[in-house]
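Structure first, then comments.
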Amino acid sequence: MEALKSCYGDGSSDSDSESVPSAPTSAPSAVFTPLPPPPISLLDPSAFLDLQTGQTTRVRSFPHVDGNYALHIYIPINISSPSKKELSAFLKKVSSREPNLYVVDVDVPLNVLCKNDDKLEQVALGREFHISLGRTVPIRVHQIDSVISMLKQKLQIQRQFWIDFNKWEVFVNDDHTRTFLSVEVVQGGLIEISKQIEAVNTVYRLHNLPEFYKDPRPHISLAWALGDISHSLKKVVDEEMKCAVGKSFKSIFSCKFKGIECKIGKKAYAICKIPDGQ
């Protein structure tokens, strides 16, 4: 088991779960003085990869069981520099009206990053995003080889296509503990991604794993907030979109499909990869 843990990592320590550090004890005579916020110069991705606070910690939707490893299959998405400019401008407008948003995965307050355009693009939009093709679910060690083999069999032959993110949308997780500001694929690439999701569902069914949502809506999430604030956030997004009625939002941004990856615990697998130049 220790050898397996060294290979796949502890099932509780992947990106779907962050532990909350225990609060240090202080001497009775100590006086607590709040620290000032960090300078904006420190706001880079590496500085916040290990940021953990009780307020913003995200918790996986299933409990950790020794010997289980989180399975996540997805399309990697990277945002081009020109697209970052337009996305940043919209994020700044939304953040000014909804101050309780955090950057996905890094968990930095979005309104802090909005004070510096370069840091906003670098930290909030410079990372790799994921379009999920299946639920993040726990699997046992003995299922890993079979799952990976079947995923490759079903998905390894893919052609390149364009993915168009056409719509700003607000999503809420199943237990209504998190609200997400996202960009959704509603046209270009939707048919291809839907077929990929169905292929993943087939593999999940054969392993008695829960399938994806009945009517999947492919998207990437850029920011999140605690609790269910979908009504107020959706109102802000809709109003900002109306203010931009003179601009073309036929496509918020586009990128080429370049492959599918799978992560089990801390180990990543290339399910399919489109060669550069195709």
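The backbone N, Cα and C atoms fix where each Cβ goes, and this holds for glycine too.
Features as listed in TrEMBL:
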| type | residues | note |
| --- | --- | --- |
| REGION | 1-31 | region 'Disordered' |
| COMPBIAS | 9-31 | compositional bias 'Low complexity' |
| ACT_SITE | HIS130 | active site, proton donor/acceptor |
| ACT_SITE | HIS219 | active site, proton donor/acceptor |
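The separation of HIS219 (active site, proton donor/acceptor) from HIS130 (active site, proton donor/acceptor), Cα to Cα, is 8 Å. Counting Cβ atoms from all protein chains shown, HIS219 (active site, proton donor/acceptor) has 21 others lying within 10 Å of its own Cβ.
For HIS130 (active site, proton donor/acceptor), the Cβ neighbour count at a 10 Å cut-off comes to 19, with all displayed protein chains included.
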